[in-house]
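To start, I am sharing the structure in question, which I have written as structure tokens.
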Amino acid sequence: MNPTALMIMLLSLAIGTTMTLMSHHWLLAWIGLEINTLAIIPLMTKTPHPRAIEAATKYFLTQASASALILFSATMNAWKTGEWSITLLSDPYTITLSMALMMKLGLAPLHFWLPEVIQGIPLSTGLILSTWQKIAPMTLLLQISHLTDLKLLITMGLTSILIGGWGGINQTQLRKVMAFSSIGHLGWMVLILKFNPQLTLFNFLLYITMTAAMFFSLMSISSTKISEISSSWPKSPILVTTMMLVLLSLAGLPPLTGFSPKLLIILELAKQNTLLLASVTMLASLLALFFYLRLTYVMILTLSPHIPPSSTHWRTTKNSPLTATMTTLALLIFPLSPTFLLII
């Protein structure tokens, strides 16, 4: 893609998200979401392949449907209350706005577009779609969390955790694995949204860090399939080792970064006397743990300790400082979790 066009698209992404973050008005928030949607579509189709065109079309139709629902609900709410304020919602329109925002995020059962779209686009665009594009809808969801129906959030959260784990088990494509991982993590965030919005924000920030670290690592070794990642050890042993640790961090194993949000969410659910919900959530998360461990097992099983380094020196990959920084954050933030929570 032309560097000037690429710069314009990235700038539009930044402007759209910033506009939504700064707005107190549903119309301005909707405009920011629309700018975000339109700015990423050229990035999806920068590789002129039928799969990329199909992914961009699916993404556009889904996001346009959700945006139409947001605009319609906000207009009807303004007609009823006389206010366009984001935090002032009347009862019937809170649910429709919440569902539309969850559709934009890709929460189950409104998730069917997400794996197919991420599978059809390049890794760099998949990184933007899995991280940056979720900031604006999640911010709006956080702002209306006190008005959202608790049963809806719990149902959507548990469904997303189950679908995210179940859908990722049988995948051989790494982009689809990351898509189902995203669905599962968003389920954890929505589950705790009504009880503790600050904890949802903390979980969201750590999710962005860990997902970005994984995508940067995959981009460094140019792997999109499990079979490719399993043969990447000769290219970059250190990077493959840190990728295994990032996968375990995404799974939520201690003492890595991903353990802290899951621990704090379970503790918050126990504090709210919802022990049954906490137990079901932990059992559902075992499905996701299985496919993370399966990926790690594939990488360990196919290591090549008998290949001398000199024979594969020409295949080594250069690791960018950004990849190293994100990987370090994705692995070592756990001891600093109390400090971040105090800041939030």
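Cβ atoms here come from the backbone N, Cα and C positions, even for glycine.
Keep in mind that this is a model prediction, so the values were computed, not measured.
Features from TrEMBL:
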type	residues	note
DOMAIN	23-287	domain 'NADH:quinone oxidoreductase/Mrp antiporter transmembrane'
DOMAIN	289-341	domain 'NADH dehydrogenase subunit 2 C-terminal'
TRANSMEM	150-170	transmembrane segment
TRANSMEM	201-218	transmembrane segment
TRANSMEM	238-256	transmembrane segment
TRANSMEM	276-301	transmembrane segment
TRANSMEM	322-343	transmembrane segment
Taking pairs 6 or more apart in sequence, does the count of Cβ pairs under 8 Å between the transmembrane segment (150-170) and the transmembrane segment (322-343) hit 3 or more?
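Result for the transmembrane segment (150-170) with the transmembrane segment (322-343) is no.
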How about the transmembrane segment (201-218) and the transmembrane segment (322-343): at least 3 CB pairs under 8 Å, pairs 6 or more apart in sequence, or not?
yes
Which sequence positions outside the transmembrane segment (276-301), separated from its termini by at least 6 residues, show Cβ-Cβ distances below 8 Å to it?
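Sequence-distant neighbours of the transmembrane segment (276-301): 154, 157-158, 161-162, 164-166, 168-169, 171, 177, 180-181, 184, 188, 191, 226, 229-230, 233, 240, 243-244, 247-248, 250-253, 262, 265-266, 269-270.
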Determine which residues of the chain contact the transmembrane segment (238-256) at the Cβ level, with the cut-off under 8 Å and only residues 6 or more beyond its ends counted.
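Answer is 181, 185, 210-211, 213-214, 217-218, 220-221, 229, 232, 262-263, 285, 288-289, 292-293, 295-296, 299-300, 317, 319, 323, 327, 330-331, 334-335.
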Express the predicted model's confidence over the domain 'NADH dehydrogenase subunit 2 C-terminal' (289-341) as a mean pLDDT, rounded to an integer.
72
